[in-house]
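Take a look at the structure set out below.
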Amino acid sequence: MNFAGSTHIHLSAVLDLRDSSIRVQVPTYKSYNLVGNFYTKRIQHRARGILETSTVFQKSNTKFLVNATSGHPLESEPKAYPNTPWNSAKNALDAFYRFSRPHTVIGTALSIISVSLLAVEKLSDISPLFFIGVLEAVVAALFMNIYIVGLNQLSDVEIDKVNKPYLPLASGEYSTLTGIMIVTSFSITSFWLGWVVGSWPLFWALFVSFVLGTAYSINLPLLRWKRFALVAAMCILAVRAVIVQLAFYLHIQTHVFSRPAVISKPLIFATAFMSFFSVVIALFKDIPDIEGDKIFGIKSYTVRLGQEKVFWTCISLLEMAYGVSILVGATSPYTWSKVITVLGHSVLASILWIRAKSIDLKSKAAITSCYMLIWKLFYAEYFLIPLIR
């Protein structure tokens, strides 16, 4: 640098950012002490700025990587707010939101509403009585859903510390006692609602879901069926494909409308299609969890066969289901039903295929994102099922 006419001063500043230390050497010429001290301070100040910026960037980047790895757009990372009553309530709601596994809650609610519409035969059926019947089923089923996903988290705390560290039990936000209190209260409330409503199809749907959900997760002799890939898949298929379609349809048909049970074409289609979808969900959910499953001895198909083979098996099964759905839609005697269901299933099949071809199977974030896409396709299907005629 040049200043004070043609006088030259050489400053040697060594910044070691890794050790967060700064060494500045200034010439010993007394006449330049003032200038040297001035520039020494400037270099120190700028170095501290670089260090602080680097630290902030590293923290921000780390959080970004954690969010990207979790890959759950319907779930959030734990949020830290200042310690006030209002923010404490926010933290509690955020933790419960993650504990409830919102993608399953949405799927349960949509499936019940969609299947209930299959019992509607005329416009006058859409009445306050119908809405009350649907509300009774949805609330009771959501309470049971939270019991099942909560029990699974209680049984999988150590596994979730590897696979899903953002869940409240795995992260330590919830104690084991808190988890037990939540699942116990929700299961009791679910059964109470089913009993008070007085609908046997609804009560038996809750009871069978409770039995299978408990056997799937709880670590007791002869239970914890999730250890066995085929049995685990059958549990999910039984609940998502059979119980949801048949029991909640019968709840509306026999209890709300007081009509005899009738097995219709849309009901058969819904049960068959969701059988494929349930198997895919059962298989696919283990693909991003392979690391923790290997450590804790969960013999999923992904652990046995590898991620790539299971991934493409899932995609193939869903594409086959969409192909059959297009054929079923094409046989409808109603033009509006034919057009909507054929086009709708064609679009969904195309979205799945395009996304599958672009997935990096070495990336847990990419696989998890694709898994959440399958849940969104699951939601979309329940908008199309009532239109099958």
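For all residues, glycine too, the Cβ spot is worked out from N, Cα and C.
The transmembrane segment annotation in TrEMBL covers 103-120 (among others).
Beyond its flanks by at least six residues, the transmembrane segment (126-151) meets 99-101, 104-105, 108-109, 112-113, 116, 120, 179, 182-183, 186-187, 189-190, 193-194, 197, 199, 202, 205-206, 209-210, 213-214, 216-218, 248, 251-252, 255-257 of its own chain at Cβ-Cβ distances under 8 Å. TrEMBL lists 126-151 (among others) with the feature transmembrane segment.
For 172-195 (among others), the entry in TrEMBL reads transmembrane segment. Under 8 Å from some Cβ of the transmembrane segment (172-195) lie the Cβ atoms of residues 78, 95-96, 99, 136, 139-141, 143-144, 146-147, 150-151, 153-154, 157, 202-203, 205-207, 210, all in the same chain and six or more residues away from its ends.
Positions annotated as transmembrane segment by TrEMBL: 201-222 (among others). Remote same-chain residues near the transmembrane segment (201-222) are listed as 136-137, 140-141, 144, 147-148, 151-152, 154-156, 187, 190-191, 194-195, 232, 235-236, 238-239, 243-244, 246-248, 250-251, 254-255 (criterion: CB distance under 8 Å, separation of at least six residues from the stretch ends).
Using a Cβ-Cβ cut-off under 8 Å and counting only residues 6 or more beyond its ends in the same chain, the transmembrane segment (229-250) has close neighbours at 107-108, 111-112, 115-116, 118-119, 137, 141, 201-202, 204-205, 208-209, 212-213, 215-216, 261, 267, 270-271, 274-275, 277-279, 281-283, 299-301, 304. Look at TrEMBL and you will find 229-250 (among others) tagged as transmembrane segment.
What TrEMBL lists as transmembrane segment is 262-284 (among others).
As annotated by TrEMBL, transmembrane segment applies to 310-330 (among others).
What TrEMBL records for 366-385 (among others) is transmembrane segment. The list of residues near the transmembrane segment (366-385) in space but at least 6 beyond its ends in sequence, with Cβ under 8 angstroms from a Cβ of it, reads 69-74, 103, 106-107, 110-111, 113-115, 118, 266, 269-270, 273-274, 277, 280-281, 284-285, 287-288, 307, 311, 314, 318, 325, 340-341, 344-345, 348, 351-352, 355-356, 359-360.
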